[in-house]
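Asker: There's a structure below that I have some questions on.
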């Protein structure tokens, strides 16, 4: 399937499985009359494969060591990208950032690394399913930077176009999205 055909098919899946209308309170605290819940798309076999394919194509030339983001939205996505990268003989490992470190065990903020493995000096991409203001992704960025990593890109599947671009620019973080909310609202 061509990239444009993959993109169109994924948009159809998102529209069917993950987009809705109706008043909702977003993670940012804002109210909205539409929403995206990408988990049904990320956990659908075809949706996961297409998200991984399109995201991997975006990352392929970035010389990325790791991909991850804030739990819960980044977990299925990072896992799918890691799996596809292995199949493409260009492995990119995955991790996720806890919203709050566990109060028992190793008390880690960043999960998925093997014993003795570190993000120090590694090139990382932060992924997110849906971005509104950028606040959640910036929390993940801060935790990963504390681990000594370099953030090369913040990549979201859907940008709600409500300030994230400006927030990432102000933080000096490159930002891209696979889709803009307006692509689903104007159909």
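Note that Cβ sites are derived from N, Cα and C of the backbone, with glycine treated the same way.
So Swiss-Prot has the following annotated:
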BINDING   98, 99, 102, 104, 128, 129, 130, 131, 132, 133, 134, 135, 136  5-phospho-alpha-D-ribose 1-diphosphate binding site
BINDING   132, 160  orotate binding site
Asker: At a 10 Å cut-off from the C-beta of residue 132 (5-phospho-alpha-D-ribose 1-diphosphate binding site), count the other C-beta atoms across all protein chains.
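Answerer: Its Cβ has 25 other Cβ atoms within 10 Å.
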Asker: Please report the number of other Cβ atoms within 10 Å of the Cβ of residue 134 (5-phospho-alpha-D-ribose 1-diphosphate binding site).
Answerer: 26
Asker: Distance between residue 132 (5-phospho-alpha-D-ribose 1-diphosphate binding site) and residue 160 (orotate binding site) at the Cα atoms, whole Å?
Answerer: 5
Asker: From the binding-site residues 128, 130, 134, pick the residue whose C-alpha lies nearest to the C-alpha of residue 160 (orotate binding site).
Answerer: 130
Asker: At a 10 A cut-off on CB-CB distances, which of the binding-site residues 98, 160 has the highest count?
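Answerer: That would be 160, with the highest Cβ count within 10 Å.
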Asker: Please report the DSSP secondary structure of residue 128 (5-phospho-alpha-D-ribose 1-diphosphate binding site), reduced to three states.
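Answerer: Where residue 128 (5-phospho-alpha-D-ribose 1-diphosphate binding site) sits, the three-state DSSP reduction gives strand.
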Asker: With an 8 Å cut-off on Cβ-Cβ distance and a minimum sequence separation of at least 6, pull the same-chain contacts of residue 128 (5-phospho-alpha-D-ribose 1-diphosphate binding site), or say none.
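Answerer: Result: 69, 70, 73, 74, 136, 137, 140, 154, 155, 156, 157.
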